[in-house]
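Q: Here you go, one structure.
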């Protein structure tokens, strides 16, 4: 009987030890998992995004109706806008239709139809068609003018800084952009260039939003290589070019 009780005590002691060991392992594993969570979140936060953006693509484009159109949230409106732009490009570029001629023909057609419809209603005893009064609202026009004025003034300020030699990197970027734009302009006219940009705005953002997890790693490698090459170019060439006068401090 004594041996049997000793065996029971040993078994209960072993069970307690095992429970303590399992409890310690579970607590350590939970603490390890908790320690891993912030690291995973920090890794997600450090994921490279194109152009250094921190918000979704929809918020980058403003998050309103223009963003919905560019990202094809409403497929009917997006397809309609792209279709209208295509028709306009075909009329003016392929069929060589002139803007003034097109506007005059459309006005002639609209006025003729409304005139005939208004006179025909008198013979068939129906009410005349209701033609709404069209007026351009004042506030949107003023807001657009103020926004356009602000952007133009900011562009003038940037051009002034570039002309004074204060930002060499910006100077080279603008020169390269204008050179590329001049080459593109020699290939096609303004209407075709505008249509190409319009089509790209309706295709590239939605494709990037769909495949951004695959595009961003390649963009990160490309940006790293560009920065590396620019650093070499800056050390060998740009750093040896004399800079313009520094911006003077404003007097109180």
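Every residue, even glycine, has its Cβ placed from backbone N, Cα and C.
The shown structure was predicted, so the numbers you read here are calculated from the model rather than taken from an experiment.
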Q: What range among 38-57, 98-117, 118-137 does TrEMBL describe as transmembrane segment?
A: 98-117
Q: For the transmembrane segment entry in TrEMBL, name the matching range from 61-76, 77-92, 141-156.
A: 77-92
Q: Of the residue ranges 1-41, 165-205, which one carries the region 'Disordered' annotation in TrEMBL?
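A: Checked against TrEMBL: region 'Disordered' maps to 1-41.
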